[in-house]
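Encoded as structure tokens, the structure appears first; notes follow it.
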Amino acid sequence: MSFIDPYQHIIVEHQYSHKFTVVVLCATKVTKGAFGDMLDTPDPYVELFISTTPDSRKRTRHFNNDINPVWNETFEFILDPNQENVLEITLMDANYVMDETLGTATFPVSSMKVGEKKEVPFIFNQVTEMILEMSLEVCSCPDLRFSMALCDQEKTFRQQRKEHIRESMKKLLGPKNSEGLHSARDVPVVAILGSGGGFRAMVGFSGVMKALYESGILDCATYVAGLSGSTWYMSTLYSHPDFPEKGPEEINEELMKNVSHNPLLLLTPQKVKRYVESLWKKKSSGQPVTFTDIFGMLIGETLIHNRMNTTLSSLKEKVNTAQCPLPLFTCLHVKPDVSELMFADWVEFSPYEIGMAKYGTFMAPDLFGSKFFMGTVVKKYEENPLHFLMGVWGSAFSILFNRVLGVSGSQSRGSTMEEELENITTKHIVSNDSSDSDDESHEPKGTENEDAGSDYQSDNQASWIHRMIMALVSDSALFNTREGRAGKVHNFMLGLNLNTSYPLSPLSDFATQDSFDDDELDAAVADPDEFERIYEPLDVKSKKIHVVDSGLTFNLPYPLILRPQRGVDLIISFDFSARPSDSSPPFKELLLAEKWAKMNKLPFPKIDPYVFDREGLKECYVFKPKNPDMEKDCPTIIHFVLANINFRKYKAPGVPRETEEEKEIADFDIFDDPESPFSTFNFQYPNQAFKRLHDLMHFNTLNNIDVIKEAMVESIEYRRQNPSRCSVSLSNVEARRFFNKEFLSKPKA
């Protein structure tokens with residue numbers, strides 16, 4: 001039996017759009033009528049409008065005092081061929097106050113055949129003749145990638161990274177334990193995960209990454225995935241110009257200095273004015289702006305203030321020769337009227353692509369936020385800076401901005417972010433504003449003269465900036481509501497056909513472990529309605545979508561790593577989530593991840609929460625497939641929790657603390673400390689608090705390196721026993737209907 005990687009042959013169905021090109025050539029004898037021509041010579045321009053496409057209104061430049069203008073300007077419209085598309089042509093006269101309509105004509109696009117190109121004359125007022133050149137073609141190369149497979153760049157990265165990892169594992173594990181690494185195919189895929197938890201997660205993850213870097217574990221990892229606070233550390237690390245040549249130790253020193261300041265210092269009038277003016281520029285270009293944009297700027301100014309122009313795309317240079325693990329970031333797409341615990345689509349971000357695996361739709365990072373229609377960009381914007389994405393990835397804190405800044409009266413609303421979030425519904429997070437303020441279809445024909453328009457825009461800008469500044473620096477009504485604080489971007493799936501849904505694991509028998517029974521799937525971990533509507537599709541008619549912190553559903557980025565295309569063997573996860581006390585069970589987020597995985601038919605080891613009762617609180621727990629022979633595609637999970645146990649006694653693994661000063665620095669609680677220095681809402685870490693949390697997670701990681709090494713050795717053995725791991729035979733494909741028919745009909749070697 002031959003084994004294949006079938007994902008590249010699964011067809012993600014999508015309908016092709018049409019590209020309608022209009023060249024406005026010229027006009028002759030433009031007139032305002034006999035009386036009008038006596039008073040003024042026309043200043044003509046042409047406006048084109050098709051109501052059925054998002055970027056619907058376009059216009060030529062105007063010519064002063066010209067009755068025979070020659071424009072030769074080309075415009076493109078992306079159209080849905082199933083719609084009744086009608087081009088409306090309006091001849092306009094530019095005036096100082098309000099432009100004047102000289103004539104209107106219409107043209108049914110359906111009268112043209114695909115591949116046809118022709119010149120069409122239009123007569124206005126029985127005198128003026130205008131010539132347009134029109135052509136219609138199929139958009140056969142959309143800007144979205146429709147596929148269940150990983151992108152070619154990630155595939156290339158994986159191949160290069162495996163060669164690097166093979167040598168690193170041999171060095172780390174020694175000749176005896178690595179004798180099974182004969183080729184790149186024998187190399188297990190290791191992923192490192194960081195949870196959310198605000199600056200607590202960021203600081204804790206900084207200690208983790210330092211330990212993984214020093215121990216050589218990081219050199220054996222293919223992926224590093226983060227959520228919320230962990231993404232802030234990943235962004236800081238990967239955007240640093242000296243990484244990876246300079247390791248986390250020196251970069252963490254810079255981080256400690258950056259987070260020692262009160263974030264309120266960033267809200268000086270001069271800086272606030274600069275923030276809001278840059279957001280006005282974004283808003284006036286036609287992009288949505290929310291409080292998350294401002295929060296992203298504050299996070300960026302705190303963590304990456306000397307590289308605020310860095311983009312996600314620019315991080316490719318950090319992995320272009322597979323010298324580092326590939327960073328993966330995440331947020332959620334949510335609906336305005338549905339709880340994020342019931343419905344949420346996971347959006348993944350890498351330096352190579354951004355997209356949603358649930359729909360098999362991906363795009364280059366520089367296109368995220370641009371206007372799309374039917375998979376094609378209709379209006380391209382500049383790539384959003386990394387700090388904007390940092391605000392989106394951690395947007396729970398913009399939703400609860402009053403807690404972050406300590407606005408009066410807000411401190412009594414709950415001691416942890418999780419308690420606050422329990423009271424949030426998506427309708428609190430997301431404004432119900434489905435309209436487009438930049439929607440050309442609602443604009444009147446014509447525009448004001450540029451001089452008059454600039455005066456109006458200046459007044460409008462001043463008013464908007466004033467409102468935003470007052471909302472930001474005062475205890476205004478905006479701080480007493482969570483409305484509209486979610487990130488908002490143009491819907492890149494606008495107009496697509498989602499009649500066919502694609503399970504995250506579209507191949508049967510891919511996960512052969514014992515499946516959950518109905519009672520287990522029905523059992524609630526955190527909420528009776530959790531994941532109830534996760535199979536629902538996105539609204540492809542909504543012009544904008546809301547993107548929020550993934551921690552609002554569960555606080556570990558497992559969905560990125562569990563994609564079967566990535567074939568991860570070993571997951572090392574670090575959970576910095578808040579708990580009621582230091583002695584509380586630490587598995588809530590992991591149990592939610594397990595339930596989500598089972599509902600999506602993805603391999604996941606059985607999480608036994610009673611291990612806490614049997615073994616007590618530990619620095620890490622190992623969860624393995626019960627039957628590796630049957631569950632050959634199930635990963636092993638090493639789950640680190642935030643706990644101060646052995647660190648109190650040892651300053652390094654095996655090195656006891658001796659002096660009172662050494663013992664005192666390590667004698668602290670995480671969640672039981674009444675002063676809450678490690679609160680989820682603490683955005684200022686004095687050096688001592690930073691060092692304590694950083695050094696704790698650095699120690700906990702190093703103290704369990706042997707556990708990680710042992711799991712690596714076992715993963716190598718699993719690979720040896722199952723050389724076809726994460727490959728699938730065609731006879732086991734449940735979703736044959738998704739496959740390219742030509743591929744299915746080919747004879748197999």
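Placed from the backbone N, Cα and C atoms, the Cβ positions cover glycine too.
The model shown is predicted, which means the values in this text are computed figures rather than measured ones.
Now, the feature entries from Swiss-Prot:
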ACT_SITE  ASP549  active site, proton acceptor
CROSSLNK  LYS541  SUMO2 cross-link
CROSSLNK  LYS606  SUMO2 cross-link
DOMAIN    6-122  domain 'C2'
DOMAIN    140-740  domain 'PLA2c'
MOD_RES   SER2  phosphoserine
MOD_RES   THR268  phosphothreonine
MOD_RES   SER434  phosphoserine
MOD_RES   SER435  phosphoserine
MOD_RES   SER437  phosphoserine
MOD_RES   SER505  phosphoserine
MOD_RES   SER515  phosphoserine
MOD_RES   SER727  phosphoserine
MOD_RES   SER729  phosphoserine
REGION    1-178  region 'Phospholipid binding'
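This view paints the features noted in Swiss-Prot onto the structure.
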residue	record	DSSP (3 states)
THR268	phosphothreonine	coil
LYS541	SUMO2 cross-link	coil
ASP549	active site, proton acceptor	coil
LYS606	SUMO2 cross-link	coil
Problem set entry | recorded sites (LYS541, LYS606), the one with most neighbouring Cβ atoms at 10 Å | LYS606
For this session: Please work out the number of neighbouring Cβ atoms within 10 Å of the Cβ of the residue listed as 'active site, proton acceptor', leaving out its own Cβ.
Result: 32
Exercise. Once near-sequence residues are set aside, which residues in the chain of the residue listed as 'phosphothreonine', 6 or more away, have Cβ atoms under 8 Å from its Cβ?
Worked result: none
For this session: Could you put numbers on the helix, strand and coil content of the domain 'C2' (6-122), residue by residue per DSSP?
Result: 13 helix, 54 strand, 50 coil
Exercise. Between 0 and 100, where does the mean pLDDT of the domain 'C2' (6-122) sit?
Worked result: 92
Problem set entry | Euclidean distance between Cα atoms of LYS541 (SUMO2 cross-link) and ASP549 (active site, proton acceptor), Å | 23
